[in-house]
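Feature annotations, reproduced from TrEMBL:
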| type | residues | note |
| --- | --- | --- |
| ACT_SITE | B:85 | active site, nucleophile |
| ACT_SITE | B:194 | active site |
| ACT_SITE | B:196 | active site |
């Protein structure tokens with residue numbers, strides 16, 4: 001088994017109310033060095049093995065369903081079994 | 001005129017929409033999201049609610065329901081389609097309408113009577129209204145903020161495709177106070193507020209929403 005990770009983030013120019021809410025809460029908890037927060041989504045796609053074809057398919061999934069490319073950017077990456085990402 | 005009203009898992013305004021269709025003088029036909037045919041309807045309403053729990057993004061999963069294949073195909077051929085609230089989100093996710101709807105800028109769910117200006121009365125859904133008519137209908141949403149890039153917004157404005165605009169304050173941070181838009185051809189309309197909740201004096205703020213459901217009767221289909 002292997003894992004492909006898709007990170008989805010709102011595009012920088014799109015307002016992120018969730019991130020703003022978190023950014024507003026942090027200073028109240030004493031975390032005062034925060035200038036801004038943006039909140040995204042992480043998808044962990046389990047596959048039998050990582051091949052070019054599988055990666056192409058995940059890319060297609062991200063574009064079709066996981067992200068709305070009108071408002072969001074996404075990055076596809078392979079996570080190696082030790083937990084580090086390649 | 002037969003107007004299909006689609007129910008997705010999590011839809012909650014389908015019965016109100018069907019009732020509004022009937023009060024508007026048309027025949028409401030219930031369509032299920034898993035259906036592969038449109039049962040010969042002349043037009044389709046995608047009603048409000050929380051289809052598929054709004055998981056992932058509002059409307060993202062419903063866009064791939066079997067019935068949407070038929071709706072998208074028919075819409076591209078010119079069939080009138082009205083998406084209200086969650087239906088508007090589904091139309092954007094389907095790329096039948098440009099842009100997207102994101103969480104309200106103030107992060108709260110809104111439920112209020114909202115004044116709108118009908119700026120385009122040449123769509124099959126708004127022809128009953130006078131141009132620039134001011135109407136009051138119900139607004140209720142958590143993710144009703146319309147966004148698109150500047151070029152798209154300019155295009156919508158330039159082509160008169162902003163169907164309705166918020167008056168008396170922007171309730172959710174929608175860019176340029178946009179409450180509803182139409183596609184290039186003018187047959188597909190997405191609207192965030194709910195005209196189907198303003199068709200009877202007994203409930204809601206009045207009957208200003210009825211025009212969305214009587215317009216079709218006045219429209220000659222190509």
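Quick reminder: no glycine exception, Cβ is built from N, Cα and C everywhere.
Worth saying up front: this structure is predicted, and the values here are computed from it rather than measured.
Spacing of residue B:196 (active site) relative to the residue listed as 'active site, nucleophile' is 11 Å (Cα to Cα, whole number). In this structure, residue B:194 (active site) is part of a beta strand by DSSP. Across the structure, residue B:85 (active site, nucleophile) and residue B:194 (active site) are spaced 7 Å apart at their Cα atoms. In the three-state DSSP scheme, residue B:85 (active site, nucleophile) is classed as coil.
Long-range neighbours of residue B:194 (active site) (same chain, six or more residues apart, CB within less than 8 Å of its CB): B:13, B:16, B:48, B:84, B:85, B:137, B:138, B:139, B:140, B:209.
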